[in-house]
Amino acid sequence: MRAEWIAKRRGQSNVSQMHYARQGVITEEMHYVANRENLPVDLIRDEVARGRMIIPANINHVNLEPMCIGIASQCKVNANIGASPNSSDINEELEKLRLAVKYGADTVMDLSTGGGDLDTIRTAIINDSPVPIGTVPIYQALESVHGRIENLTPDDFLHIIEKHAQQGVDYMTIHAGILMEYLPLVRNRLTGIVSRGGGIIAKWMLHHHKQNPLYTHFDDIIEIFKKYDVSFSLGDSLRPGCLHDASDEAQLSELKTLGQLTRRAWEHDVQVMVEGPGHVPMDQIEFNVKKQMEECSEAPFYVLGPLVTDIAPGYDHITSAIGAAMAGWYGTAMLCYVTPKEHLGLPNAEDVRNGLIAYKIAAHAADVARHRQGARDRDDQLSNARYNFDWNRQFELSLDPDRAKEYHDETLPADIYKTAEFCSMCGPKFCPMQTKVDADALTELEKFLAKDKETVSQS
């Protein structure tokens, strides 16, 4: 779809959407996004120029259907997939991708660390994906030195980052905010450093006693991103891994650095979003969102959860969707889903489905609470179908139509029950929605009540 759009940009030194927006240019991607979001295209351009919205759209991802991430648009959901050395392969990951897109993932991150040739897996995912693809290049950098963290060099990082950009990755998590001087701040944490990328960088700094190479070479990464229009997803390496560690000095120190890096990328017209926690008690979620907006000049916030309790392994798609809904309400732009397997193992296709639906619920609830234009229309349409016992329409409007129909048909599978004015919960005699009060009856009742009130007042 984008081949013709991109052809005229090739060879330019900066092809980012922010670069064009700041020149007053409205790109084809901006027009496409405006139509999807039902927003004025001038607003899209202005938000991208300001940095409050990104359109992750690598010029080498030609089959991408452009979307946006920002506070002015609908709250988005990311789904993580990826093969590991112990489980899964390319075919399983492609099936997860298709399921994620089917159930509404706005972006997908390939977090593969093994299970086959990483370049082959990534390229297949990009070529098969209509949604933006994100990656964490440090994983492949570590694999390239066979897990020997101390052998990694800045050039290793830059080589892998450019390779991902050339392959068409739309945004990358770059763990540039964790600095050497912040490492002692994790001493009093219960769970230390829980970011995989952050842990790799921390071990590198502890071994070499040198500053984070992603920080010292940040300008080199900017130059790569400009050439391909890759968006930064600035990784929160020191995000809290439990409630005890939430909003501590380590987390907030890194956040301040992420804000500085955001503005440095903006100086070169490179798009940025900022990643956030993690595990956060409900009473601290608003603070975390507002603090990010303050430190990072309102760059889009992209949070993992956050989980609001640590005691429910196997159900962390629920514990985190609670926090995600609140974070979205307070202004978070994109929610990274959590599956039931979080903290327990690699998610399978069914886990992807369950995690994604939980997060589509959270994002939609946030949009309704923020009074986004048209956000509640689908709710009202489904409620109308429910009141009128239009079962097939209810299924159609559901976030997961297959699951809704499956549960209905467990007890009433015959087609005749698709027009029945009851379900198996109440049966044919006790469903309250059968109580249809017509307008004439209400008019008569109002007359009676008015007359009764008049009689009482006269007495």
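The chain as shown is numbered from 1 upward.
Placed from the backbone N, Cα and C atoms, the Cβ positions cover glycine too.
For the substrate site, Swiss-Prot gives ASN80, MET109, TYR139, HIS175, SER195, ARG196, GLY197, ASP236, SER237, LEU238, ARG239, GLU275; the one candidate out of TYR103, TYR215, TYR228, TYR302 that the record lists there too is TYR302.
In the three-state DSSP classification, GLY197 (substrate binding site) falls within a helix.
Most Cβ neighbours within 10 Å, among the binding-site residues ASN80, SER195, SER237: SER237 holds that distinction in the structure as shown. Within the set of binding-site residues (CYS423, CYS426, CYS431), the lowest number of other Cβ atoms found within 10 Å of a Cβ is recorded at CYS426.
Among the binding-site residues HIS279, HIS343, CYS423, CYS426, CYS431, the residue whose Cα lies closest in space to that of TYR139 (substrate binding site) is HIS343. In this structure, the binding-site residues under consideration are ARG239, HIS279, HIS343, and the one with the smallest number of other Cβ atoms within 10 Å of its Cβ is HIS343.
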